[in-house]
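Reading through the structure tokens given below for one structure.
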Amino acid sequence: MENTKDLTEHSSRSERKRRDSFGMFDGYDSCSEDTSSSSSSEESEEEVAPLPSNLPIIKNNGQVYTYPDGKSGMATCEMCGMVGVRDAFYSKTKRFCSVSCSRSYSSNSKKASILARLQVTGKPPTKKAKVLQKQPLVAKLAAYAQYQATLQNQAKTKSAVSMEGFSWGNYINSNSFIAAPVTCFKHAPMGTCWGDISENVRVEVPNTDCSLPTKVFWIAGIVKLAGYNALLRYEGFENDSGLDFWCNICGSDIHPVGWCAASGKPLVPPRTIQHKYTNWKAFLVKRLTGAKTLPPDFSQKVSESMQYPFKPCMRVEVVDKRHLCRTRVAVVESVIGGRLRLVYEESEDRTDDFWCHMHSPLIHHIGWSRSIGHRFKRSDITKKQDGHFDTPPHLFAKVKEVDQSGEWFKEGMKLEAIDPLNLSTICVATIRKVLADGFLMIGIDGSEAADGSDWFCYHATSPSIFPVGFCEINMIELTPPRGYTKLPFKWFDYLRETGSIAAPVKLFNKDVPNHGFRVGMKLEAVDLMEPRLICVATVTRIIHRLLRIHFDGWEEEYDQWVDCESPDLYPVGWCQLTGYQLQPPASQSSRESQSGSSKQKKKAKSQQYKGHKKMTTLQLKEELMDGEDYNFLQGASDQESNGSANFYIKQEP
């Protein structure tokens, strides 16, 4: 595949040559001598911390030798790796066990094997490649590793440290959940270039089952994917899941196979299985031939996909959260993972803010409101502050061009729309004003302010508006106008009673992309009633391109209808990748104990929105003028889809 390296190309090389191509840390089997270097063996030995006494020294054949008295009475042959009594060794320096080893070492010093880089091109090692000594360094490291392992095991038996905080890995494993794949989120990092990263892909990762004084790596395979997170298992563990671990596949410590050899990093088997095989290189050759790994430029792609064009001090027009019928000027305060913290320009203490994604349909370039005829609150600030500058128009999300010259939406037409003040409901609505470039001002029937201060703006192609009958055919509860008594609600009767007409079905966006979401999938989602929060969430319903998002641990009344291409949905692991704070699920015990917590605040806010529907026009206007915060739907994506479906019933005559 395009985005993975096929290691099959190496199968044509000789077995001996391939055995030196994995960048393994020497000492677990013999190195071949079919390559040469001018570097000396002495130059390759890394500095190692002093070894404690009575440590076992591991030889290639698996036999174990120990220091008998804790003193330097033993020595290791630098040629064959034999461990024995120091006084019995040959030469003054006691470096070799025999005359033959001394002579062999001298003649082969310039032919010591170099571990070649593992890469498809098969390039030979560079001149900077290190020549690894046969045994002494490895013997010391192995002994030191066993010593450290013993100390760690003793410490673990004394006290078990419990991990605090939410863990996606534990949450998914304990409940057998499935996460939405990264490819479902085109706006997220790697969303469009994830490729075929899947189970069984091999990577090089830090070896945490090894307590050497230096950082070492080993190869692991993906057992399960959950968004950006992968459950990994070290090579050699077969069906043993005892040391499986979760990590973010886009993290800085995850590399394609071959990275260690190319970077001069050691590959060391986990200590739990280090005696399982005598020839680890041969084992890796067998396991990795024909396997897939990450693309060589994977980390570069991750870095590039996390570069965002919006910068602090940029000025934008954004919806006024206190008067959703108009926009205001705001300044980008910070950018996290493409999400913008916007501070309204008139906020003196810079606390009057609004969170949204840079691709949100709620933000626009300076001058947008005037160009389409949208209401706009003029700033009391007569000139831009020093350092602030207008955001270039091309950085904003583009909406699909529409032709308003023919049959088009008209004022007074009826439709169904997601209520931006209560995102769990789809309501009976009316087009109140037709703006330029396909934008519409819409009001919820039965709860509108006389001056239109609670109208909201959707584009004609927005997936948050629907033709009459959409809820009925898709078995969604439609919220009737406040005070309407003829229940159950029937559109035909309502249109006749109000003397209204339904907006033509053909004017609505009927494109349904192949989004890839399935019911039950886990993800991270913005709470659009409190858009600074991103929570653990689940897809509970799918109606074509419309998703019902449930926030884990909360009641269904807090669910939200969101478009499948909403920039407010993210893969599992997005918060960890970007450094954004994730809100964990609310357990029943925690909900019951949170008497003064955000739970009650959230419920109070929800009740406020519900109470909003019962207010008189005067009360609503006074409430808005008092500056009560309202947050609006941000989940409508107007991007063109790659599929289509006619999913609306015909209008009744």
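Backbone N, Cα and C atoms are what each Cβ position is placed from, and that goes for glycine too.
Record features (TrEMBL):
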- 1-21: compositional bias 'Basic and acidic residues' (COMPBIAS)
- 587-598: compositional bias 'Low complexity' (COMPBIAS)
- 599-615: compositional bias 'Basic residues' (COMPBIAS)
- 634-645: compositional bias 'Polar residues' (COMPBIAS)
- 68-103: domain 'FCS-type' (DOMAIN)
- 1-55: region 'Disordered' (REGION)
- 585-653: region 'Disordered' (REGION)
- 166-270: repeat 'MBT' (REPEAT)
- 278-374: repeat 'MBT' (REPEAT)
- 376-481: repeat 'MBT' (REPEAT)
- 489-585: repeat 'MBT' (REPEAT)
- Query: What stretch, picked from 166-270, 278-374, 376-481, has the most CB pairs under 8 A with the repeat 'MBT' (489-585)?
  - Reply: 166-270
- Task: Just give the helix, strand and coil counts over the repeat 'MBT' (166-270), going by DSSP.
- Result: 16 helix, 30 strand, 59 coil
- Message: Let's see if you can do this one: DSSP helix, strand and coil counts over the repeat 'MBT' (376-481), in that order.
- Response: 10 helix, 31 strand, 65 coil
